[in-house]
Amino acid sequence: MNQLTLTLMKVAFLAVLWLFVIAAVGVIRADLWGSKAAAKALRSSKPAQPARQPKAAAPRSRRSEPTKLVITQGARAGTTLDLAGTEIVMGRGGNDVTLPLGDDYSSGRHARLFSQNGQWFVEDLGSTNGTFLGRAKVSRPEPVPVGVPIRIGKTVIELRK
Amino acid sequence: MSAISTNEAGIPVATRPRRSAQLGMLIFAMIITVAGFAQVGLARDGSLPAGMYGYGIGLGILAAGAYIVVARFAPYADPLLLPLAVFLNGIGLAMIYRLDLNTSADAKATIAAGKSYSYIGPSTTNQLEWTALGIIFFAVTLLVLRDIKIVQRYIYTIGALGLFFLALPGFLPSSISGAMGAKIWIRIGSMSIQPGEFSKLALVAFFAGYLVNKRQAMSTVGKEFGPIKLPRARDLGPILVIWAICLGVLALENDFGSAILFFGLFVSMLYIATERFEWVAIGLLLLAGACLVAPMIPHVAQRIDTWLDPKPYFDGGCKINGVIHNQMAQTCSAHGGQYIADSGQLMRGLFSMGQGGVLGTGMGQGEPWRTPLSYSDFIFTSFGEELGLTGLMVILLAYALIVQRGMKAAIATKDNFSKLFAGGVSFVFALQVFVIVGGVTRLIPLTGLTTPFLAQGGSSLLANWILIAILIRISDAARRPAPQPIQDEGMTQVVNTA
């Protein structure tokens, strides 16, 4: 190996190192602003999306028992909670609440979810803005079918299987 | 459904899997590693080295395994964390291989000369084995921690274990735990573990879990001392006690690098949890106080003397009649002088970087092995010599990107515990790089901490791979899109009561 080749090799290696960093920054950039390829992929995959059929409230049976609580809208959207059979108190936040919603339109202790013989019920705890199951306001403990939205302020909660 | 959504703080968060970007970067990192090996061989012997295939394929298989685990179990994870870790691990392996070739050559010469030889030094095979174990730990962490909140349930247990393992080497006999002036190892047979590396993660988890419960009380309730508002003793007490125990233990073990790390961890996590700048101010004041007190400890005083002016201590500083001469410990006592310290390692590291200059000598063409521990504590100066400033900047940027991605995950996630955990872990990682790189470049006094992913050392590799797994898990949760409602019933009804 002559000196020139070695020097070229050295500089090439450093250039590749810097390319790696530039590529990494490029990935971050695409993460923030989106890349052309990703946008295209998203557009082509969009028509497939509405295939999601709304599931009607499932018949009440042992097998349709919900196992998960999912927040689908609101400040804490994306939060999931495994239902263990114990009571869940929902509210704005604080220590006496099982599931803090961080929602300004909810009361401190807003509503509770509890299960009886495998059926989950929602009960309003005297909230200011009320709790809605589907479109109906909850005034006494109501059974909660899987997939029906419970609305508390700006937050929407669903039970899932 | 948009690929980029904003979270409640208005920060854009990408919410789509980026497997191809991750795979691409991972392949790029592997190419760099193999190119590093190739360059070592071509420069030294004029041919592709034998080790390139074995070690390259070994690391490649491990990286592929890690990629499959991430793609399967954390598909929305940040696409850069894994490739950056593999990149650092890979070039570290190439540098250790390069140093290993030289020491092996030295060993052969010694054995040929008929002298007895015991081998302690760089070992590429050893490092690859630890990397394999590290990536297995990485995969197990990702599989076990399907949700980072599992950690939150056991914070007190984790905190206690962390403290126990941190303190353990201090109570074991020196034959098991001591080496190079510090008692921070546990040696079992030929294996040695540095439990402090793991305690670091455990204590971040504990602080995060504790502060997430107490942060509101800490930032609102408390006594005011002028402009500063201190939290109640019952809120602050427990962490203060644990933190004092940590620092006490580390002082007993003579491990000041870790002491700085734990101190920084404590201050930064309080700051992240309470969002009050007072904590940074208090931290800086305490640090200033420590700077005044620390020189009274002889071990620290030596480090500070050799940091301020290393020249008189090159290969041993010997004080005879108030003047410091360059003499080894034995000659020094023979002359009736007082042996102080040795800055040979620090200065050789500086020479090494000076030799490298801006572009470096090229992999395999310098002489970085002349610095003691050039494969572990001083691997940064080895890179300085062979890759120059240009290469060191890439390494530092790779670290900075890991920290940035960690902080980004902390900002993007909605869960408060994850926020604190990711923030703390990223900060500790950054501080560790600062302490060791600052030490070898003589920006701050030298203390022995490992250079994450580059330096040879099992515990450090394992702990850092676990750290990356934690960040990947948190970033996956942060970037996962919110579930779509099953029934779409129009707008939410909001009733506003004034």
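Note that Cβ sites are derived from N, Cα and C of the backbone, with glycine treated the same way.
Given the structure is predicted, the values throughout are model-derived calculations rather than measurements.
According to TrEMBL:
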| type | residues | note |
| --- | --- | --- |
| TRANSMEM | B:21-40 | transmembrane segment |
| TRANSMEM | B:52-73 | transmembrane segment |
| TRANSMEM | B:80-99 | transmembrane segment |
| TRANSMEM | B:127-145 | transmembrane segment |
| TRANSMEM | B:154-172 | transmembrane segment |
| TRANSMEM | B:192-212 | transmembrane segment |
| TRANSMEM | B:233-250 | transmembrane segment |
| TRANSMEM | B:256-273 | transmembrane segment |
| TRANSMEM | B:280-301 | transmembrane segment |
| TRANSMEM | B:378-399 | transmembrane segment |
| TRANSMEM | B:420-441 | transmembrane segment |
| TRANSMEM | B:453-472 | transmembrane segment |
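Tertiary neighbourhood of the transmembrane segment (B:154-172): same-chain residues 183-186, 195-196, 198-203, 205-206, 208-210, 242, 245-246, 249-250, 252-253, selected by CB-CB distance under 8 Å and a gap of 6+ residues from either end. Take the transmembrane segment (B:453-472) and the stretches B:80-99, B:127-145, B:233-250, B:378-399: counting Cβ pairs under 8 Å, B:127-145 has the most. Within its own chain, the transmembrane segment (B:420-441) is flanked in space by residues 148, 151, 200-201, 204-205, 207-208, 211-212, 257, 260-261, 264-265, 268-269, 272-273, 346, 349-350, 353, 377-378, 380-381, 396, 399-400, 402-403, 406-407, 409-410, 413, 447-452, 464, 467, 470-471, 474-475, which lie at least six positions past its ends and keep a Cβ under 8 Å from the stretch. Below 8 A, the CB atoms of the transmembrane segment (B:52-73) and the transmembrane segment (B:127-145) form 3+ pairs separated by six or more positions in the chain. Within its own chain, the transmembrane segment (B:21-40) is flanked in space by residues 48-49, 51-52, 55-56, 59-60, 63, 67, 70-71, 77, 79-80, 82-84, 86-87, 90-91, 93-95, 97-98, 101, 362-364, which lie at least six positions past its ends and keep a Cβ under 8 Å from the stretch.
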